[in-house]
Amino acid sequence: MTAETDSNVNHSNLEVEPTQPLEDGAIKQVPVKKKTSCCTGLKVFLVALSFSYLCKTLSGTVMKSSITQIERRFDIPSSVAGLIDGSFEMGNLLVLAFVSYFGAKFHRPKIIALGCCIMSAGSILTAMPHFFMGYYKYETASHAVLSVNSTSSLSPCSVDQNVTGVSETLSDHPDSDCVKAASSYMWIYVLLGNMLRGVGESPITPLGISYLDDFAKEEDAPLYIACLHTIAMIGPIIGYLLGSLCASLYVDIGFVDLGSITMTPKDSRWVGAWWLGFIIAGITNLIAAIPFCFLPKSLKKQEEENNDKISSDLSKIKGDQSRHHESENHQPMKWSVTSKGFFLSLKRVLTNRMYVTFLCCSMLQYSSFVGYLTYKPKYMEQQYGQSASKSNFLTGVTALPAVSIGIFLGGLIMKKYKMGMIGATKFGFWMSLMAFLITLSYFFVGCENHVVAGLTVSYDGKPVARHETTLFSVCNSDCKCATNQWDPVCGDNGITYMSACLAGCKASTGHGKNKVYHNCSCMEITGSQSGNTSVILGQCPKSDDCSRKLIYYTVLQVISAFFYALGGTPLYMVMFRCVHPELKSLAVGLYTLIMRALAGIPAPIYFGALIDRMCLKWGNGSCGHQGACRIYDSDAYR
């Protein structure tokens, strides 16, 4: 008895005075004082769950920040890129409902650990196509020059480019190139990897949140969940910064001579090292699985721990025996009984009017949020003339910290004022309304279209309607130019030409990014202040006024994101409080399932299809098939 008592006392982190045997053989019981531990099982679980949230949001953000790079690398339209992005939700959709319901009956921490391992495998699979594809071949007229590595004068206007819009070095073996073009279908492996990541992510939210809510005090649960989501927001911040770094590195870095690359990161053909972010995300997800392997199936409710600060050893033994009997009572049930219970529980949740109303509102909000976030870097590239790297950087260091602060303050306000369901709903509504009204002001901080000869303006610099565009003019009518080629050059007159040939250039000097084209006849139509008729590689930058509008846009999105996040935690807690406690796990899982099925999957696809309709110039892929879009109508896009 004494040995068993000492074992229990030590396990409970209790201080006892030595037991003293009495004359009648009994043992003198001394009051036991419990130490206040800063590392309880619930806090360890909270830290582990926070890190897993950070890793899963990091992985998701790496995909969001790389979607434009993937689109260009595989020469696919935005709608297909949206399908790849939505495949994560498809993976969730396959298993989420069953994981949410049946997972709560098993060892939840170990199921979460398994999910983290699957997420890791999915991230690694997403990056694999890079290692099995050839080097990135972008459309340019400069490869013929690069092959001889010459700085002597060559005339773009005299080169016959009518056959293809891709580089001339590829035309020697057209059949083999078309066979290699099958590698473009390797985007399917990116889709499968993202889908596998969605399967692995499915147990983390429903099982993690329900586990936390089951063993925390009722008044502490909102704060814990707010802390969880606040720490999780570090993941997107790191993800966007990582995406910014990867986008600034060339996709085949270490394997090609970067001096021969004729693009800059601001070019719409540029593809960054998109694969690197997924490798890093896969490693972090694997690390996140480790602590869950050592956590127990259940914990003691915090209220019970507070009541047991001074207790006898006998009461502890009884508590252990009762938990032992309780675990023995959890015998496996028949499948028919279990499935019947599942459908009855599902009916109870779906007949809850407040829960269903909350689902409908959240679905509309989530659809717009997913569509906006997926294509936000591309929007900033096209609207404000920024590189993908800078777009990801601005998103990571401005909007996301505001979201983190908003989520945390929302939980703090809810705890301080002890908001009920009605109070939390009202607070969330007004915050969402404020965010919506601020978002409307984005319409007034946009920039004008890129000034591209033959697309948005005529060759003499006058604006033209979209249906009136023409790529040829008197200045380049004698040149044999490919109309499907995108190799932009910029003149001193502020006009971008689709290629040096269409600019009527007769000579070129230099190599790589330093190439300069001279004697461009189309420059003579508009003229330039310096009288220069030379052009340089790349699109002309946007005006200074556009740079100021980018600042206004950034400030507005920070304010809007803060108000949206401020009402997020109270609204999220409404979902918990409007259903029966035993249905919490199913309610969270069903909520996530519907958000993924009716918003997360279709939103990137139909937003991408709408964006594709705004395209002014499509790229030219291998074997002449349509590639990714190079330039959009900024006004229609906005």
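Any Cβ shown, glycine's included, is placed from N, Cα and C.
Remember, it's a predicted structure, so these values are computed and weren't measured experimentally.
The domain 'Major facilitator superfamily (MFS) profile' annotation in TrEMBL covers 45-638.
According to TrEMBL, the feature domain 'Kazal-like' maps to 469-524. In terms of DSSP secondary structure, the domain 'Kazal-like' (469-524) contains 8 helix, 11 strand, 37 coil.
Taken from TrEMBL, the feature region 'Disordered' applies to 307-331.
Marked as transmembrane segment by TrEMBL: 44-63 (among others).
Non-local neighbours of the transmembrane segment (83-104) in the same chain are 60, 63-64, 67, 70, 111, 122, 187, 190-192, 194-203, 206-207, 210, 338, 342, 345, 374, 585-586, 588-590, 592-593, 596-597, 600-605, 608; each lies 6+ residues outside the stretch with a CB under 8 Å from one of its CB atoms. Per TrEMBL, the feature transmembrane segment maps to 83-104 (among others).
Residues or ranges marked as transmembrane segment in TrEMBL: 111-132 (among others). Sequence-distant neighbours of the transmembrane segment (111-132) (same chain, 6+ residues past either end, Cβ-Cβ under 8 Å): 49, 52, 55-56, 59, 62-63, 91, 99, 103, 183, 186-187, 189-190, 192-204, 207-208, 251, 274-276, 278-279, 281-283, 285-286, 288-290, 292-293.
Outside the transmembrane segment (221-251) by six or more residues, the chain places 46, 49-51, 53-62, 64-66, 69, 73, 130, 136, 209, 212-213, 258, 261, 265, 270-277, 280-281, 377, 387-390, 392-393, 395-397, 400-401, 403-405, 407-408, 410-412, 414-415, 568-570, 572-573, 576 with a CB less than 8 A from a CB of the stretch. Per TrEMBL, transmembrane segment is recorded for 221-251 (among others).
Residues annotated as transmembrane segment in TrEMBL: 271-295 (among others).
Taken from TrEMBL, the feature transmembrane segment covers 354-373 (among others).
What TrEMBL lists as transmembrane segment is 393-415 (among others).
Beyond the transmembrane segment (427-445), the same-chain residues lying 6 or more positions past its ends with a Cβ under 8 Å from any Cβ of the stretch are 365, 410, 413-414, 419, 549, 552-553, 556-557, 559-561, 563-564, 566-568, 570-571, 574, 638. What TrEMBL records for 427-445 (among others) is transmembrane segment.
The feature transmembrane segment is assigned by TrEMBL to 550-574 (among others).
Summarising the annotation, TrEMBL assigns transmembrane segment to 586-607 (among others).
Remote same-chain residues near the transmembrane segment (354-373) are listed as 64, 421, 432, 571, 574-575, 578-579, 587, 591, 594-595, 598-600, 602-604, 606-607 (criterion: CB distance under 8 Å, separation of at least six residues from the stretch ends).
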